[in-house]
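Novice: Just passing along the structure, written as structure tokens.
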Amino acid sequence: MADHLILSLQAPPFLIFPCSLHRSWRFPGGIRYSVPEFRLSSQLQLANSISPSKSSASSSSPPENSAPEKFDLVSSTQLKDGSHVFRFGDASEIEKYLEAEEKARCVEVETQNAKIAEEASEVSRKQKKLVSSIIETSTEKEETAAPSDLSNVIKIKDRKRVRSPTKKKKETVNVSRSEDKIDAKSASVSNLSSIVSVAEAIPISSTEEEAVVEKEITAKSYNVEPLSSEAMKKVSVNKIGDCETNGYQENRMEVQARPSLSTQQEITPVSTIEIDDNLDVTEKPIEAEENLVAEPTATDDLSPDELLSTSEATHRSVDEIAQKPVIDTSEENLLNTFEAEENPVVEPTATAAVSSDELISTSEATRHSVDEIAQKPIIDTSEKNPMETFVEPEAVHSSVDESTEKLVVVTSDVENDGENVASTTEDEITVRDTITDSGSISNNDDTKVEDLQLPVPETASLEPIKAASGREELVSKAFYLDSGFASLQSPFKALAGREDAYFISHHNWIGIADGVSQWSFEGINKGMYAQELMSNCEKIISNETAKISDPVQVLHRSVNETKSSGSSTALIAHLDNNELHIANIGDSGFMVIRDGTVLQNSSPMFHHFCFPLHITQGCDVLKLAEVYHVNLEEGDVVIAATDGLFDNLYEKEIVSIVCGSLKQSLEPQKIAELVAAKAQEVGRSKTERTPFADAAKEEGYNGHKGGKLDAVTVIISFVKIVST
């Protein structure tokens, strides 16, 4: 074979030509071909090819007049050294190659189509499964919901059947058994025991709802004989039906104790019962809904001296409370007066039995006007504490403001001029009638309140005053800061970004920082470090569970957590009660103004002139920080600012602006804006005398005059007090 395979007229199936890119080749026939020509030509013809070797082996050379064979470029490959390898073949071989390539492509397309069809079928199967599962779950829910709906329908039907209009006219009530009936005409003490047993048999449920309907059993009206001033109690049995508790109905009995009003009134009670002194006291509590309440009967003609329970009186208007004395039946107040074992009282959680010791007698004084009640002493008949007076605790349902303004007093001798008693908009006189251990004042006792004479303690009227002063001593004062801020950039440095940063947190924390502008020469944002430093301080204060109060510790932790490059001055202040704690590093500062004068201010910290002390990563804040402690009063003004304020305005100028703004009742935000604007206005001046010009002159820079135009950030805080 020749040096180049292309010279062989009977070439192997593929002709391989190594060559470099754009390298020309000369064939013996004088035709030159380059690499691009090989690539672009679809078919090459070699004619008049003569072997360069003139050897005698003519067997490898074609005949001289043989026709040129057609061949085409099959592929080209670039090697690592930059050379190219071309593969040529005749027409039949190229056709075979193309057919094989087409078959491979068809197989690949069919494979992809099969995969797509399989995926589509899988998705459709999943969708069918999902739809079927949803249908099954919905069917199950409907099946499970059907019984509950049916029970509700049954309950509603039962409820309608129970609430028949004929029930209102009946004089007896059937409870659980037909033989347990209460005759409203002939009820006696023996019937009360059956009522108690029925009440105890009521099922108790934690989920018991409030009574929806309360049906009173009315009896025929009849006149009650006058009982003079003896105490009389009416016990009514109310049937509360149709209460749905845990899916079943239950009937509950509510025992209500009501005081009698006048002796010659027509009363429509359920039953009037004379309480037996020998009746055993049962202290088994029922549900909270079945409380013994003292309320007037709806069918009575109410007089102005109507007695109200404590729970009702708290929901009445001020005018109604002013006209009516209140019987306090709360457990807390009565237990403070008497022993619980000897004098049981009507508690919010009602007891099943009603004994003579549980009745609160109504004194003769309740039938007089408010002025007469105020003038008459309230007599305590208890044997143990005959001279004891009380101060009623604050009502549960009243607000904090009402409880501080109202003074509830029970005393045997109240000194007043009549006007305060008539108004009674601020003071309530709670009338209490107590009973003795032996039951000397009872329903059957003829002893009257007017006949009882007990000594009146002279110091009784002083106890409410002591209690009121004690409540005043509990009122504490909390100090807080009402703050506003203003931050103005330097016109010359506005393009480089904001260099100042600040924060205000929880009405008792403020902070301010001034980034060092020289960092901008190194391509670092001069304000990034200051902003991250203040942001970390605010996070530490907000997230601190132990309520950290030392500003030095806050600044120390913030420096350790700050990752940005740069440096900054910093000032952190914290108000703890009335003491202001400040940690300062650099030429930012603070001042406290009280009554138009400077109470306290900070001193700038410099390495030398125009080179303030600053903090950066790795600094020991505990050693660098300068700490201040200032005791504040209400009305003081705290100012924290960067050097842009203190370099351009003297302290007396700042005080003048603040005091003038206070006279105009301006808010801290507005004052901060005025102070910052004035500082930048002076900073633009070339002639005014400024603190910065004075400092430059002291350092030997006599040529500088006027202000120093710089960024200004100011926080103005008013010290205020809130009562707790």
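Each Cβ is built from the backbone N, Cα and C atoms, and glycine gets one as well.
Pasting the relevant annotations from Swiss-Prot:
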| type | residues | note |
| --- | --- | --- |
| REGION | 357-385 | region 'Disordered' |
| COMPBIAS | 365-374 | compositional bias 'Basic and acidic residues' |
| DOMAIN | 482-719 | domain 'PPM-type phosphatase' |
| BINDING | D514, D643, D710 | Mn(2+) 2 binding site |
| BINDING | D514, G515 | Mn(2+) 1 binding site |
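Tell me what's around each of these sites.
Specialist: Take the CB of D643 (Mn(2+) 2 binding site) and look out to 10 A: across all protein chains shown you find 22 other CB atoms. Mapped onto three states, the DSSP output places D643 (Mn(2+) 2 binding site) in helix.
Around the Cβ of D514 (Mn(2+) 2 binding site), 29 further Cβ atoms fall within 10 Å across all displayed protein chains.
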Novice: Residues other than D514, D643, D710 within 8 Å, Cβ to Cβ centroid, of the Mn(2+) 2 site?
Specialist: D500, T569, D587, S588, T642, G644, D647, A711, V712
Novice: Sorted by position, what residues of the same chain at least six away from G515 (Mn(2+) 1 binding site) have a C-beta under 8 A from it?
Specialist: E499, D500, A501, K526, G527, M528, Y529, A530, Q531, G566, S567, S568
Novice: Could you tell me the mean pLDDT the prediction assigns to the domain 'PPM-type phosphatase' (482-719)?
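Specialist: That stretch averages a pLDDT of 92.
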Novice: Return the residues near D710 (Mn(2+) 2 binding site) by Cβ distance under 8 Å, restricted to its own chain and a separation of at least 6 in sequence.
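Specialist: Counting only residues 6 or more apart in sequence, the Cβ neighbours of D710 (Mn(2+) 2 binding site) under 8 Å are S490, T642, D643, G644, D647, N648, G683.
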Novice: Going by DSSP, give the three-state secondary structure for D710 (Mn(2+) 2 binding site).
Specialist: coil
